[in-house]
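Notes follow the structure.
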Amino acid sequence: MACQILLIAIAAGLCVCLGGDLRRTQRPLGYLAPRTTFCGTRARLYADARDKVALYTVRGGQCFLPRDQSEQRRLQQEWIDLSQKFGFAEYSIGVLAHAELFNGSQEDGGTEEHRKEQYTFTDRKGRRLALRGDVTPQFMAMLRDQWESCADRSQGGGMETRQYSKWFTLADCWRYERPGYCRRRNHLQWTCDIVGSPKEDAEIELLTMLVTFFRKRGLSSADVAIHLSHRDAVPAMLDILGKPTTDERWMHEFRKVVDKYRKVDRSELSSMLSALGFTPEEISKLFNLISRCHNLATLSELFHKETPFVGNLKNIVEGLERAQCADWITIDLSIVRGSDYYTGAVFECFDRLHPQHRAIAGGGRYDNYFRSRVPSDGQLAHAVGFGMGNIGMIEVLRSRGLLAPETLADVVVFSPPMGNDEKALRGCDMVHVHKVVGALREKGLRVYHYYKTAKWSKGLEFAERAGATSFVHPKLDVATGTLSYQVHHIPAKSKKFWEKEELQRMVDDISTRKG
């Protein structure tokens, strides 16, 4: 009995504590704010509640309220449209894969960084699984399996899988890293790859795609710079410094340090290089090499112009000149890319206002991805690709006011709610209102049917907030029983009356005004 009384007292005290907390926050316990805010700027729900944990997401995850989501959807659609205009075929792969795909050797697409950042778990059957952090290992493994499959036979004269050379996808990616500006643990990535092309034409087309996208979004070469380099530039710089290049592990660590060239101050970078055995003189010479080389002229001056990687970069830049895209390119020897599978030209795109921040896009050539097992036709021996994340790209557009304002609907059609005897329309009149709504939607317009209140002025106010260009107000003459429509053209602050029989003319007029 005493134990029961004690338990009741504890439970009562707990309820009081929770009740007090909920009264202060005025929201259900399951929807308390996360320790870190949403990546959407307008989705910062009670960000001051640092001691609360969100149950609807995890730290670094992506959650977007409608206004931010509309921006994201437009970006995604532009990625899809541009990819299709360039003749790329879309594919998709699930976000969940076997962890060994990412944790293996270079042959399997794994790197030490990927292993540290993977979200991994063991399922009920004891299989080690992981959330995708990088699309390339999955993409190449999928192609290898399809290339080797006897089932890849076209039905009805269409293309076989191995006949596709240009691929794209929008992939959800997860990496367990510290969230920060333009960096989340979860991001959506636009990935484009060209397989089977050993020449620089593939790099030129992918870079042209990026420039085309930037221009379409209102950006210029004054806003974004594409930094171009080559994996062979690193050993070439070390040769000039007289440093050995045979130790693979040491080379990997050196590349990681060079990758921080724009991200940390020189003193910190010097300390990192000192730890790798560089003298102050060698460090100074290395910084001089990187800072001096910013175009083809200085590249040829520092390295012999007959050096293969110099010729490779020269061909790419000259190809971009013919495509009127070369003004976006800067030679940058500090671009090394994080993944070990890159073998040739590499590039990263930076916001010129914040060059020290993470690249908004990047990629390069990754020939011979499979070291020991290549399909018999050898097409997978050559590949080039790039990836662009949604987080950084949206921030670049937002910083320049290039995000279009949210519009929920093109037209708002008002009708009083059911049950309002004084203002509700008759059944036969509602049939006609629904015809109007349907006809407008058939015209391709986004139509919001507003029936929240009997006050049409509230509906007009809603239409203005929703970004609609027209507000349709059906009016019933009680004396004659005649239904007509008052259409407000919101941008011009004008209105026009239409008879019920003029449905098609009214719809055409509204559609024309929207256009």
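The backbone N, Cα and C atoms fix where each Cβ goes, and this holds for glycine too.
Unlike curated entries, TrEMBL annotations are predicted automatically.
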Which of these, Arg124, Arg175, Arg178, Arg352, does TrEMBL say binds L-histidine at the same site as Asp134, Val135, Thr136, Gln189, Asp193, Arg337, Tyr341, Tyr342?
Arg175
Which chain-mates of Arg337 (L-histidine binding site) that are at least 6 residues away have a CB under 8 A from its CB, listed by sequence?
Arg231, Asp259, Val346, Glu348, Gly362, Gly363, Gly364
The number of other Cβ atoms within 10 Å of the Cβ of Gln189 (L-histidine binding site), counted over all protein chains shown, is 20
Coarse DSSP state, helix versus strand versus coil, of Thr136 (L-histidine binding site)
helix
Local confidence of the prediction over the domain 'Class II Histidinyl-tRNA synthetase (HisRS)-like catalytic core' (64-387), expressed as mean pLDDT
90
If you draw a 10 Å sphere around the Cβ of Asp134 (L-histidine binding site), how many other Cβ atoms fall inside it, taking every protein chain shown into account?
25
Of the binding-site residues listed (Thr136, Tyr342), the greatest number of other CB atoms within 10 A surrounds the CB of Tyr342
